[in-house]
Amino acid sequence: MLEIGGKTFASRLLLGTGKYPDATTQQQAVEASGTNILTFSVRRLDVFAKGQTNPLAALDLNRYDLLPNTAGAKTAEEAVRLARLARASGMCDMVKVEVIGCDKTLLPDPVETLRASEELIKDGFIVLPYTSDDLLLARRLEELGCHAIMPAASPIGSGQGILNPLALSFIIEQLTVPVIVDAGIGSPADVAYAMELGADAVLLNSAVAHSGDPVKMAQAMKLAVEAGRLGFEAGRIEKKRYATASSPMTGISRP
């Protein structure tokens with residue numbers, strides 16, 4: 001079971017609600033994924049931005065925990081304001097802190113992320129910061145009291161997969177809070193790899209919503225999470241330089 005801030009979840013897959021071709025596809029993909037946690041941008045909620053479509057309108061929100069994110073924030077102050085708006089709606093106290101430092105790469109601003117996380121923790125939020133794969137930054141965020149850390153596999157929406165598995169493995173090994181691999185996932189193979197490294201969960205959006213068949217891809221991602229986690233728990237065999245025969249050699253006559 002995945003545990004975040006005292007809450008437990010059966011699924012280790014967190015799913016974004018944006019970018020789907022239509023509401024029906026979104027609804028079916030969410031169902032196929034088996035997720036317990038849906039994430040969304042506070043900026044896109046109709047209740048806060050009149051004239052915009054509510055990305056959650058087609059979903060039965062009683063079945064899911066919600067994880068609002070502060071996408072679009074460039075400063076700690078903006079992120080804190082968006083988080084407080086989400087909580088004011090009565091949805092939840094859990095928030096994904098996202099403070100972007102570069103418009104081209106969409107990589108997070110480490111200083112502003114730290115500032116926003118610290119303020120929101122003081123404010124009683126369950127805080128999940130989106131960050132780079134920098135171990136020292138991840139440790140600092142954990143020390144602040146963050147309830148989970150969300151390092152990027154690669155730039156948001158790039159589909160490049162896990163570019164630095166060594167850096168991710170350092171974070172996974174040294175942190176005690178859940179590590180949720182976020183951003184850049186492109187395929188079920190990427191998901192399985194993240195889980196085999198020991199990640200506690202993965203968060204996806206573009207990899208499902210922009211695929212050729214989002215519903216099938218959501219199911220594939222669900223299975224990849226389960227397979228990768230089982231593989232991690234089972235433990236892979238040691239890598240060796242040379243071959244090791246898998247069949248017994250006893251009883252075989254030699255010329």
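Positions of Cβ are set from backbone N, Cα and C atoms, glycine also.
Listed features, source Swiss-Prot:
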- Lys96: active site, schiff-base intermediate with DXP (ACT_SITE)
- Gly157, Ala183, Gly184, Asn205, Ser206: 1-deoxy-D-xylulose 5-phosphate binding site (BINDING)
Open item on the list: If the 1-deoxy-D-xylulose 5-phosphate binders are Gly157, Ala183, Gly184, Asn205, Ser206 per the record, what's the largest distance between their Cα atoms, in Å?
Closed with: 9
Open item on the list: Cβ neighbours within 10 Å, counted over all protein chains: which one of the binding-site residues Gly157, Gly184 has the most?
Closed with: Gly184
- [ ] Identify all same-chain residues not among Gly157, Ala183, Gly184, Asn205, Ser206 whose C-beta atom falls within 8 angstroms of the centroid of the 1-deoxy-D-xylulose 5-phosphate site's C-beta atoms; report them in sequence order.
- [x] Pro155, Ile156, Ser158, Gly159, Ile185, Leu204, Ala207
Open item on the list: Taking 10 A as the limit, how many CB atoms besides its own sit near the CB of Ser206 (1-deoxy-D-xylulose 5-phosphate binding site)?
Closed with: 18
- [ ] Look up Ser206 (1-deoxy-D-xylulose 5-phosphate binding site) in the DSSP assignment and reduce it to helix, strand or coil.
- [x] helix
- [ ] Taking the Cβ of Lys96 (active site, schiff-base intermediate with DXP) as the reference point, list residues of the same chain whose Cβ is under 8 angstroms away and which are at least six residues distant in sequence.
- [x] Thr39, Leu67, Pro68, Asn69, Thr70, Leu128, Pro129, Tyr130, Met150
TODO: Tally every other Cβ atom lying within 10 Å of the Cβ atom of Asn205 (1-deoxy-D-xylulose 5-phosphate binding site).
DONE: 21
Open item on the list: Within its own chain, what residues at least 6 apart in sequence put their Cβ under 8 Å from the Cβ of Ala183 (1-deoxy-D-xylulose 5-phosphate binding site), listed in sequence order?
Closed with: Leu106, Tyr130, Ala152, Ala153, Ser154, Pro155, Ile156, Gly157, Ser158, Leu203
